[in-house]
Each structure stands twice: as structure tokens, then as C-alpha cells.
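Reviewing the structure listed below.
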Amino acid sequence: MQTTVTTMLLASVALAACAGGGSTPLPLPQQQPPQQEPPPPPVPLASRAACEALKDGNGDMVWPNAATVVEVAAWRDAAPATASAAALPEHCEVSGAIAKRTGIDGYPYEIKFRLRMPAEWNGRFFMEGGSGTNGSLSAATGSIGGGQIASALSRNFATIATDGGHDNAVNDNPDALGTVAFGLDPQARLDMGYNSYDQVTQAGKAAVARFYGRAADKSYFIGCSEGGREGMMLSQRFPSHYDGIVAGAPGYQLPKAGISGAWTTQSLAPAAVGLDAQGVPLINKSFSDADLHLLSQAILGTCDALDGLADGIVDNYRACQAAFDPATAANPANGQALQCVGAKTADCLSPVQVTAIKRAMAGPVNSAGTPLYNRWAWDAGMSGLSGTTYNQGWRSWWLGSFNSSANNAQRVSGFSARSWLVDFATPPEPMPMTQVAARMMKFDFDIDPLKIWATSGQFTQSSMDWHGATSTDLAAFRDRGGKMILYHGMSDAAFSALDTADYYERLGAAMPGAAGFARLFLVPGMNHCSGGPGTDRFDMLTPLVAWVERGEAPDQISAWSGTPGYFGVAARTRPLCPYPQIARYKGSGDINTEANFACAAPP
């Protein structure tokens, strides 16, 4: 039974922010489907005074880091549900900063945090992951991802978030590529890589114990993209901090992914039409929306039925990687070759386009042919058409919007490219933002990749050391009962889903029986964290809690399409399956209904 704290007056807040190359399948112990979460244990009565006592100068709160300053400790009223957010309970909000200092670049730095503790607490602690290169403190209502309206706070978890140790509004240097300029300061790099999450977790747990009179029973972390990397990092560096972790689309070796960004830019350049103001090929003009959709349809024509059902989803993504080649594929609309035999038309791709996309998708190599990052998956989510609207999720990273007169793809001139130069290259390479696309075009794949392994002066850790989360030694996390769910969209253009699958296979080889504590769910058609022609909506928190607290491993996770118009239907649900299984049609019933599919080995 929950204990309601009737003396609390609390204020509203809004919600903020194919398999891999290995061959070691992981056995999947069979479990019963997850049940509803058990009622939380009773918590001690708290009060307005207990909340306000967390403010500096009140009470005798001892923080794990003495350099902790509380700036807000206030009651917040319950907030009603809206179209985009679940109702929030009354709660105590505490926000502050840890380790205020001045960096070697002359800019001020601090590790900001925001904590929310509900009046009716379920005894659980929750941290939400960041995004991009962080630098923004979210509302900290505990986003659980998967397109969910519910948040951890709405489910009565105590929730916390951090900005990662720098502030995009403060640490914005236009001469050092803007908001990624924190990379000029060595400590800010370490804070963003791992230190801030350790510091904020400790602070949050201490405040929770003080406020409620006892420690949390279990602790959970959910993040996607950079937040997914943070989750993997926590399981490796700080295995005792969290009992359950969800790591979505993890940029666990993001510095390498940045190298891939330069590779895709240079690979696509020969197909570009026109130049930008700096004389750089307009990568966004290399494929029109219709061209990219034609490629997506050709992938479906080759791969859709490889799972036993032609339904607009490539479930057998492993077989697809071996089967599809744009140079030999057909346009399913007319049965003619996808690659133009003569002049370019609306029904085919030019030989230059085909060569460009094949080179880009194969992944970067140096002059000796050594891979520098992973390959990318051929998947229908590279485009998609809902009504008359083309999916932009994939192209926004590699190409940018077709109608733009400037290069605006994340990997060409956006934060993905900029962060590599200032945050991950050592020493950092500050420059005006107008020069980024040209720098990507001049990237040397023999020399520049060495910079993610380099140290220099006060930069005593390489970016792969402070930011990478590549370890497969999760013994400490496993041995204390930790559980981790990884997920990744097959059409993610930020980080390769095949790279995450390769990590999972390495984990299985290093730790036999890894499926007993870690499982990977690949999502066909989904783009980066969400979107695309796939079932991109799901709740990972409920099955995670069931696994951690009741030992019920997730043998499948229910998912549904956020944009069923991609399939020309009103709704579509499917099971997400633990790698290496895929969703297979049972042979009868509505193909848009999850119950008519089962998780099984690919055909």
C-alpha cells in the first residue's frame, strides 16, 4: 500500500526530452509473460519541511560530494494529463549543481541535476539518459522512451536527470563549433563521458534516502542514443548504481561512428548535384525523396518475403543483408532493373547513385582495407511514404532535406560532424561552423581516425577511453542481479544496428549465458530511437521491472506503429523479439495484429 503525503503541495511540470557479423546465438530461457507491477511498499511520511530542508542552509543534509549546491527545493502540485503527457503526482523538486568551476577554456562549468520525488513513492529510483552531446537539463520527469506518454514520475518513481556537466546556453563558443565547444576542456569531456552520471546518481540517491527516510529498493536507468551509451557505460563502469538498464540505439563507440559520418559524406558526394556556398557538394541533392523511396521499395522487393510474409517489414534482416544489392535489384513496381541502363529516370537510380550508396553502406575503411566502423543495414526504413509524406528520419542524418540550398545533414555539417572535431578528436579542432562540411570532405581515413585514440597535454584520456562503452566484462553487473535490455532500429542512420548486434554477439562469446541478464531487441523499419515504417512504440520499463524484481525475462515485447499510414492501415501491432529470434507469422489471422505472430528463429 502506498502512503499518501497529504501535507505536500506540489506544481506542474511538463515532459521534456540484422544481425551482426558473429555467429554465436544466445540461448533464450523461456519465461512467463510479464505481469503487472506489484504494489509498492509503504514509505515513511514526508513533509514540506523535509523537502525544503534539502535547500542549502537548511537542515543537516550531507551530500556525497561536498561541492553540491541546491538551488531549488520546492513542492510542486499534481499536474493533469494532457494529449502528450500523463498526469503527474504532487512531488518535491530539487535542482542544483555539483562542482562549479572554470575550465581551461575560460568558460564556467558545473554538473547540473534535477530530482523529483513523488508524494506517493513506489520505492524505486529512476534516471533518464541524455541525448546528442547533452548540455541541456530536462524536466526530469523520467522519460521512458518508445514514444510513451507515461513517464517514470507518472508511475511514482523518484526521477532524476543531468545536463552532463556543461550548458549549451553558457558553453557556446561560435569559434569552436558552438555548443560542442565543451570539448576544449578536458574535465568537461570526462564529465560528459562518465563522471556526471556517477556524481548525480550518488546525489540523487542520498537525497531520496534523506527525504523518505530510507534508500530506494531498486534503481533503473533508461536512455536512447547518447542516453543508450550512458546506460551501457553505467553497466560497465558503475555496475552497482542500477539494477535495471534500458539502452536504446546506443552510441557506445560514437567516436568511430563519427568517422563513418565523414565516409558517408565523401561516398555520396559524386552523386551530389550542385555546390553549397563554400563550394562543397550538396549531399542532400544526391538522392531526392522519390529516389530514396525507390531504394526502399527495392529493398522490400528483395527482402520483404524472406521472413515468410510480405507485409512491408523486413523481419529477416540478416538474410536481407546477403540478398540485397542495388546494382542487381529490381524495381518491384515495373520489374525492371533498379540501376538505370540508360539515362536516369524516375523509375531507376543512376549508376553513380548506386555506387555511392553501396560504398557508404559498406562502412569506412583505411587504405589498407581495415574497417574503421561497422557496415549499415539495408532496410525499408531508409524511406517510407505515409499518404503523400516521405519519411525524413534516415535522410536527415546522411543527406539532409532535399530542398535545402545548404548542406544540413547531421553527419555532413550538423552536431554529429561538429562534435567529432571538437569533442572526440585529440587535440580538438575548433573552427567556424561554415567550415565543417569542407573538413568532412577532406577527412583522411589513414590519419584522422588515430585522433580518437590519441592523448595530448592535459587531455590525458583518449575519446575512446572516456566516451567508449565497449567492454564485454559485465560480471559485476550480472553478479549483483543486474538486468539490461538493449534495442535498436534497423534503419538507424546515426549508429549502426549491426554494430549493436555485433556487440551483443561479443558479449555472448565473452559471457556464456548472457541472455540470462542482457537481451537485444532489433526493430525493423525504425529510425534513430523512433519513427519510420516499423512498430516504433513500446514500453520497455514494465518488462524491465518484471525481470529485475520477479525474474521474468522478456521473451517478447509488445510494440505498435506510431505511423501506421506507412502500411496503409489504421493500426499495426507486433512483438519485438530477443535476438537472434524474429517475429514470424503464424499462418492465419490479421497480419496487423501481434497475437498472430510468434518469436522464433529465422527461416
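Quick reminder: no glycine exception, Cβ is built from N, Cα and C everywhere.
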Handout entry: Record Swiss-Prot, residue Cys529, disulfide partner from Cys51, Cys92, Cys224
Key = Cys224
Handout entry: Co-listed 4-[(2-hydroxyethoxy)carbonyl]benzoate-binding residue [Swiss-Prot; alongside Glu226, Arg411, Ser416, His528] among Gly103, Gly106, Gly123, Gly132
Key = Gly132
Exercise for the section: Look at the disulfide annotations in Swiss-Prot and name the partner of Cys51 from this list: Cys18, Cys92. Expected result: Cys92
Exercise for the section: Quick one: which of Cys348, Cys577 does Swiss-Prot link to Cys599 by a disulfide? Expected result: Cys577
Completion exercise
Not counting Asp304, Asp307, Leu309, Asp311, Ile313, residues with a CB within 8 A of the CB centroid of the Ca(2+) site are Ala305, Gly308, Ala310, Gly312, Val314, Asp315, Tyr585
Practice task
Select the closest residue to Arg411 (4-[(2-hydroxyethoxy)carbonyl]benzoate binding site) from the following binding-site residues, measuring between CA atoms: Asp304, Leu309, Asp311, Ile313.
Solution key: Ile313
Completion exercise
For Asp304 (Ca(2+) binding site), the nonlocal same-chain Cβ neighbours (under 8 Å, six or more residues apart) come out as Ala310, Asp311, Gly312, Ile313, Val314, Ala380
Problem - Candidate with sparsest Cβ neighbourhood (10 Å radius) among Asp307, Asp311, the listed binding-site residues - result: Asp311
Exercise for the section: Specify the secondary structure state of Asp311 (Ca(2+) binding site) as given by DSSP, simplified to three classes. Expected result: coil
Practice task
Specify the nearest of the binding-site residues Gly132, Ser416, His528 to Asp307 (Ca(2+) binding site), where nearness means the distance between Cα atoms.
Solution key: His528
Fill in the blank from the handout: Top of the binding-site residues Arg411, His528 by count of other CB atoms within 10 A is Arg411
Problem - Neighbourhood of Gly132 (4-[(2-hydroxyethoxy)carbonyl]benzoate binding site) by C-beta distance under 8 A, where only residues 6 or more apart in the same chain count - result: Ser225, Glu226, Phe415
Exercise for the section: Fill in the CA-CA distance, Leu309 (Ca(2+) binding site) to His528 (4-[(2-hydroxyethoxy)carbonyl]benzoate binding site), as an integer in Å. Expected result: 25
